[in-house]
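The active site, proton donor annotation in TrEMBL covers Glu24. As annotated by TrEMBL, substrate binding site applies to Lys85, Val105, Ser139, Ala140, Asp141. The Mn(2+) binding site annotation in TrEMBL covers Asp137. Residues annotated as active site, nucleophile in TrEMBL: Lys158.
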Amino acid sequence: MIPILESAEVKDAEREGKPLVALESTIITHGMPYPQNVETARQVESDIRAADAVPATMAVLNGTLHVGLEDAALDALGRAKNVAKLSRADFAACMATGGTGATTVAATMIAARLAGIEVFATGGIGGVHKGAEVSFDISADLHELAQTRVTVVAAGAKAILDLNKTFEVLETLGVPVIAYGQDVLPAFWSSTSELPAPLRMDHAADIAKAHHLRAEMGIAGGQIVCNPIPHDAEIPSGDLAPVIAKAIAEAEAADIKAKDVTPFLLGRIFELTNGKSLVANIALVRNNARLAASIAKELRELSV
Ligand code: PSU
């Protein structure tokens, strides 16, 4: 038996056939500082409710996978220090040993599949880190997208990564990369990049239809929807490039490795931009949550 606990809100949604949107918790524990992390998590949940869908934030608390976090649990997680950052490799081990951990994109996709949720909103997926030809640092998020049938709405991959290599790997893995409403891929804090979008869709209904058809055709894996940050909230990539380069150089000098790299870089970029990166990050996550809710609603129509 898998120890899973659904919140009352998620149980009601399932009973009533309401569309659900999965949310991750690493963005809360490792992606943003307290208290903005908890405030953002609550705001994103209410954005999804306002769009007539139901949020299901995932986390492992004392060995149990929670699908939908009650307010107090969310607050405790947002304040906690040294929470594990769970991916495919350590998810079950954390549960087996009664541990507490936040779910990354990869782990949230697994959790969503277990709960029967097909759409998930986050900020930006993990990917191929710069210098990966030496470090081999490639996020497990990419392989999860190739295996687990969940449509992930993100503002692309985080711009701290080697975006070109990240999308090359997704292409190799056969993951549909869909830019929403534009011909180029977004770059997390910036709405555009120089990379052409492999696929473009302008309507949530089409994204839902493609998800549904892939299931009917027996094609494994999910889709990544790259939703550009709203223009009024973006930071031009030219402004960010030197900041990202500085943060990466500091990470190398401090010998930061593996799972610690992304949280370190996000934290430093927050400091170096005097908090502007966080304001943009919050805007893009909320934007992704709204699109995910529309896709989940369209998908519900197709499944009945
Ligand atoms: N989106 C954000 N902030 C984050 C993340 C996503 O806006 O911190 C998290 C996700 O959980 C993603 C993780 O899976 O960053 C990537 O970590 P890594 O590069 O170590 O795979």
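Each Cβ is built from the backbone N, Cα and C atoms, and glycine gets one as well.
On a predicted model such as this, the values are computed, not experimentally measured, just so you know.
Shown on the structure are the features that TrEMBL records.
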residue: Glu24; record: active site, proton donor; contacts (Cβ under 8 Å, 6+ apart): Thr57, Met58, Ala102, Thr103, Thr104, Val105, Ala107, Thr108, Phe120, Thr122
residue: Lys85; record: substrate binding site; contacts (Cβ under 8 Å, 6+ apart): Thr26, Thr29, His30, Gly101, Ala102, Thr104, Lys259, Pro263
residue: Asp137; record: Mn(2+) binding site; contacts (Cβ under 8 Å, 6+ apart): Val128, His129, Gly131, Lys257, Ala258, Val261
residue: Ser139; record: substrate binding site; contacts (Cβ under 8 Å, 6+ apart): Thr104, Val105, Ala106, Ile125, Gly126, Gly127, Val128, His129
residue: Ala140; record: substrate binding site; contacts (Cβ under 8 Å, 6+ apart): Ser87, Arg88, Ala89, Thr104, Ala106, Gly126
residue: Asp141; record: substrate binding site; contacts (Cβ under 8 Å, 6+ apart): Ser87, Thr104, Val105, Ala106, Ile125, Gly126, Gly127
residue: Lys158; record: active site, nucleophile; contacts (Cβ under 8 Å, 6+ apart): Gly123, Gly124, Ile125, Gly126, Gly127, Phe188, Thr262, Leu266
- Query: What is the number of other Cβ atoms found within 10 Å of the Cβ of Val105 (substrate binding site)?
  - Reply: 27
- Task: Taking a cut-off of under 6 Å between Cβ and any atom of ligand 1, tell me which of the binding-site residues Lys85, Val105, Asp137, Asp141 pass.
- Result: Val105, Asp141
- Among Lys85, Val105, Ser139, Ala140, Asp141, the annotated substrate contacts, find the widest CA pair distance and round it to a whole Å. 13
- Query: Given the substrate site residues Lys85, Val105, Ser139, Ala140, Asp141, which other residues of that chain have a Cβ within 8 Å of the mean position of their Cβ atoms, reported in sequence order?
  - Reply: Thr26, Ser87, Thr104, Ala106, Ala107, Ile125, Gly126, Glu144
